[in-house]
Each structure stands twice: as structure tokens, then as C-alpha cells.
């Protein structure tokens, strides 16, 4: 009988040899199969959103362990942490004034841990921070999101400022991981704790995307109508899909590395 690891290596080698269009097709098919599976086993799809927040918190916990145990923040992007803190803080504000629920408490806990990570990187472990590798300016990410929010935002009855903030959160969350991907692109080698954290982000983004897609399917499109009219409902769905696919390539190499028994993840050129 062929060993499982040998089979996985053969499959990954075959996928790697395929042209980009075939890889994209396989990714879409895999995503659709995963959605079908989640729809079959998860009856209350709100649990997917809670699970996404829980996995994100787990990823932050991995960072905390790394910072406390290894006393280094090498390989981490301070800018991604600060962008994460920004969208969590704005989303907390929106939750308090628009829809206070369990998600508010989850966001509060995640924001607190994210602020602690920022404090550690900025002050306690500053000497190990790779500032030269973390070279994607924050305004390249945040400003386009805010401009887009001014143009495309919900058409609900809430105050216009709150609607713009809500849209800003959706757009910024989708791309907040870009500085972290730039750091990994610059270093090409990702140590285990950072890899675990980014993979957790990828899983969290997929679960969040699955939550929205399944909600739309179950409501037969009525959810999009409830979100308002114009381009906003489509932009919500597109943002969820974008933030999933941004990390899809990294997650593929992470899984391949884990099954291959490699502790340190080495990224080929062109990844992320």
C-alpha cells in the first residue's frame, strides 16, 4: 500500500506542474466542495462567523506565545497588526451603535490581544523588529479602502458616518494582511509561529467567507437585498472572497510544508 505522505507528494507535484488557469480552476472547485461540506454539517451558519472569530483569536494566541517564549518579533508585520487594530476598533464602534451582539465581545477580546502584540513589537521587542522588510506603507492599504467606503457604502437608515465606517471596516479587513505577506515575500523563509498565525488568518477568512456565501444561498439572495441596494451588497461578497483568495496560495504551501514534515516554511518566488 502506498504511504499517505508519498501520495500527497505526488498530488502536490502534479498540481505544481499545472498552468495557472488549471490551478485557479482547482482552487475554485476545492472551495465549492468545502462550502458544500460546511453546508451539510453546520446547520446554524452563524456558528461559522463565531468560529472565524475564534480561529482569529487562536492565531493571535500563537503570536503571544511566540513573543513571550522566544522573545523576538522577527518575521512579523507591525503594520498588519496596526491595520487589524484599526478595523477592529472601528467595527467595535459600529457594533455598539448599530448591532450589539456576541460578535462585539469577540471583537473586544481580539482587539485587546492585538494591542498587546503591537505594544510588544513597538517597545519590548523593538530590536528584533524587521522594519526594513515591513516596507509596505499603511496608507497604500488604508486610504484606498476609505475612499472606496465614501463611494460605496450601505444604504440603510443609519447615520451616513456609521455607514461609511461600516464599509471601511469591510474593505480594510479584506486587505489588512497585505503588509504581512510583503514581509514574507521579502524574507522568503517563514518560521513556524508566524506561519501558524498566517494560516489561522487564512482559515478564519475562509470561514467568514463561507458564512456570507451560505447565508446568501439559504436566503435565495434576500440577504443581499436586506443589506441595501446598489453596489454595496456585491462589494460585501466580493470583499469576503478577496480576503480568502489573498491567503489561498500561502495556505497551500503551509499545508504542503506540514505534510512534508518541514518546520520552517520556504516560499518559492512569486508566492504572496
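Glycine is no exception: its Cβ is also placed from the backbone N, Cα and C atoms.
Here is what TrEMBL records for this protein:
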TRANSMEM  24-42  transmembrane segment
TRANSMEM  48-68  transmembrane segment
TRANSMEM  104-125  transmembrane segment
TRANSMEM  137-154  transmembrane segment
TRANSMEM  160-181  transmembrane segment
TRANSMEM  193-214  transmembrane segment
TRANSMEM  234-255  transmembrane segment
Problem - the transmembrane segment (160-181) touching the transmembrane segment (234-255) per 3+ Cβ pairs under 8 Å rule - result: yes
Practice task
State, in range form, which of 48-68, 104-125, 160-181 has the highest count of Cβ pairs under 8 Å to the transmembrane segment (193-214).
Solution key: 48-68
Practice task
State the non-local partners of the transmembrane segment (104-125) in its own chain: residues 6+ outside its ends, Cβ under 8 Å from one of its Cβ atoms.
Solution key: 50, 53-54, 56-57, 60-61, 63-64, 67, 71-73, 76, 78, 81-82, 84-85, 88-89, 91-92, 95-96
